[in-house]
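From Swiss-Prot, here are the annotated features:
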- 1-18: signal peptide (SIGNAL)
- 54: N-linked glycosylation site (CARBOHYD)
- 79: heme binding site (BINDING)
- 184: N-linked glycosylation site (CARBOHYD)
- 204: N-linked glycosylation site (CARBOHYD)
- 225: N-linked glycosylation site (CARBOHYD)
- 321-362: disulfide bond (DISULFID)
- 329: N-linked glycosylation site (CARBOHYD)
């Protein structure tokens, strides 16, 4: 079975202290777009970076990238990997970056696979980023970004539920309960418990399979709006493999994450002392182990708890190209139904970049025509 390139709930949408602050343009009316776009400082997006020239294990918690505590106004979000990279200076420490900076950071700091990085970064940028200014936020919006575009623009960054971020995260709660982005001690203790029960005190792929199923069942039982279809169906499985693949010291590389290191990444956004990145590029390696532990069909609760209903129209692991097509033709197109001139050009450019990360064998779609 083939599996689509996966990335955890990475990235962003919006503004930065060093630049004029801009929110996502998604959801604005044509009249609002016509008024706002001429006021923005347009940036020509850089080309997606290629793979690392040297992708071996190396010290990444080094003198050039020390951990620093948050300053007032710094942004962090639901993704422990991105939070950690920002706190070590691989990303701008304020939590706002361009797609190029993010792809470089996840490769250099964690040895994340290039194709997966391109796929996830541009997917998030398309739905949560500002395509004119080429800026993305890894978490919440902030007053330091300046005036937002008028409603109904999406201004939530990675914290925005239902565009990129989704339900049943390992250490963050569902958006239904009010906080989908902060570290959740209760959920982390569940991760520790499952690591003790199924991994001999270490988090590994066996633990990932059991914990993924547990979090799905918890959401079915408590969240009447639980949704587990299409994009989230893919990323939910992929993200459970990342701690075993990326948070284990690369000199050991045994897929066994100890709990001190897990807490350091998940809670404190901090690499362990003397930490080496993985010895080769990787992303969702072993995801088939997680999927096969407790196979699920995509679906959702229908307005009440314990009402999980299979959605036969959702893409799944046998139809990765359908996931890509629905993301572009439905999700992106619904956010930008009739873009013109500069915005249309930016959309087409970023859709082209996004397609570079899509699984081989899929056919590119052009919802806005070809430039």
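Yeah, the Cβs are placed from backbone N, Cα and C, and that goes for glycine too.
Keep in mind the model is a prediction, meaning the values are calculated, not measured.
Describe each of these features in terms of where it is and what it packs against.
Counting every protein chain shown, 6 other Cβ atoms lie within 10 Å of the Cβ of residue 54 (N-linked glycosylation site).
The Cβ of residue 79 (heme binding site) has 30 neighbouring Cβ atoms from other residues within 10 Å, across all protein chains displayed. Secondary structure at residue 79 (heme binding site), taken from DSSP and collapsed to helix, strand or coil, is coil.
Residue 184 (N-linked glycosylation site) falls within neither a helix nor a strand when secondary structure is assigned with DSSP, and so counts as coil. Around residue 184 (N-linked glycosylation site), taking its Cβ as the centre, 20 other Cβ atoms fall within 10 Å, counting all chains.
Counting only same-chain residues at least 6 apart in sequence, those with a Cβ under 8 Å from the Cβ of residue 204 (N-linked glycosylation site) are 195, 244, 255, 256, 257.
Cβ neighbour count for residue 225 (N-linked glycosylation site) (all protein chains, 10 Å cutoff from its Cβ): 17.
In sequence order, 358, 359, 361, 362, 363 are the residues near residue 321 (disulfide bond), counting only same-chain partners six or more apart with C-beta under 8 A.
Of all Cβ atoms in the shown protein chains, 13 besides its own fall within 10 Å of the Cβ of residue 329 (N-linked glycosylation site).
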Among 54, 184, 225, 329, these being the glycosylation sites, pick the one whose CA is nearest to that of residue 79 (heme binding site).
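For residue 79 (heme binding site), the closest Cα among 54, 184, 225, 329 is found at 184.
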Rounded to the nearest angstrom, how far is the Cα of residue 184 (N-linked glycosylation site) from the Cα of residue 225 (N-linked glycosylation site)?
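For residue 225 (N-linked glycosylation site) versus residue 184 (N-linked glycosylation site), the Cα atoms are 20 Å apart.
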